[in-house]
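What Swiss-Prot annotates here:
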type: SIGNAL; residues: 1-20; note: signal peptide
type: DISULFID; residues: CYS46-CYS88; note: disulfide bond
type: DISULFID; residues: CYS127-CYS171; note: disulfide bond
type: TRANSMEM; residues: 204-224; note: transmembrane segment
type: TOPO_DOM; residues: 225-249; note: topological domain 'Cytoplasmic'
type: MOD_RES; residues: TYR235; note: phosphotyrosine
Amino acid sequence: MWQLLLPTALVLTAFSGIQAGLQKAVVNLDPKWVRVLEEDSVTLRCQGTFSPEDNSIKWFHNESLIPHQDANYVIQSARVKDSGMYRCQTALSTISDPVQLEVHMGWLLLQTTKWLFQEGDPIHLRCHSWQNRPVRKVTYLQNGKGKKYFHENSELLIPKATHNDSGSYFCRGLIGHNNKSSASFRISLGDPGSPSMFPPWHQITFCLLIGLLFAIDTVLYFSVRRGLQSPVADYEEPKIQWSKEPQDK
């Protein structure tokens with residue numbers, strides 16, 4: 001059994017080493033906002049290492065492969081169904097961490113560049129209108145209280161976030177003569193040393209390989225055990241008959 005397990009373990013170890021040595025691909029959004037309105041245009045860019053023989057890219061939406069192999073994946077007119085997690089992978093890069101994109105319906109949307117901020121991070125907020133219609137007299141509100149007012153629409157920048165900046169945000173302004181408000185969005189701050197939302201991909205790969213090795217070990221164990229027990233079960237003790245020699249008569 002150990003003679004069978006050793007080559008398998010070597011193969012899995014080699015594969016794990018190759019995976020650990022590869023750089024992870026990265027997905028970037030252009031524009032940078034993770035929340036958009038319907039009919040907005042969004043470009044997802046994949047950065048990774050390519051091989052001379054293969055410069056194609058694999059794109060995934062909610063873990064399903066997208067039939068697209070270019071470095072840029074363009075969503076010309078976003079729809080709610082385009083919401084979800086996006087990943088990419090190149091020939092010489094491991095699969096990227098997921099980037100979450102949300103597509104909303106409405107007149108106004110409070111946009112942000114990240115889902116989770118750390119203390120000290122800059123926070124960029126934007127009061128975005130459907131079809132980029134002009135918005136005037138924009139107010140950003142935190143926990144129901146006015147935080148910043150702009151006569152002409154502008155982004156709200158918090159240079160270094162503190163825990164006092166966490167809370168529920170929304171914006172409101174005039175589109176034409178109509179007063180419109182966005183839905184609320186909660187901004188949460190984590191500690192700088194807090195772990196990432198998603199475990200590193202090489203850790204996931206290692207766990208999968210260990211699980212696969214355990215499954216192979218179990219199958220081989222029972223196969224060898226069955227093979228050793230079968231001859232014993234089929235064995236029957238021979239019957240011995242004694243006969244007297246002629247001189248014993």
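Here the Cβ of each residue, glycine as well, is placed from N, Cα and C on the backbone.
Here the topological domain 'Cytoplasmic' (225-249) has a mean pLDDT of 53 out of 100.
Counting in whole angstrom, CYS171 (disulfide bond) lies 33 from CYS88 (disulfide bond) by their C-alpha atoms. For CYS88 (disulfide bond), the number of other Cβ atoms no farther than 10 Å from its own Cβ, over all displayed protein chains, is 24. Shown are the disulfide-bonded residues CYS46, CYS171; of these, the residue with the fewest other Cβ atoms within 10 Å is CYS46. Neighbour list (CYS127 (disulfide bond), Cβ cut-off 8 Å, at least 6 residues apart, same chain): LEU108, LEU109, LEU110, GLN111, VAL135, VAL138, TYR140, ASN153, LEU156, CYS171, ARG172, GLY173, SER182.
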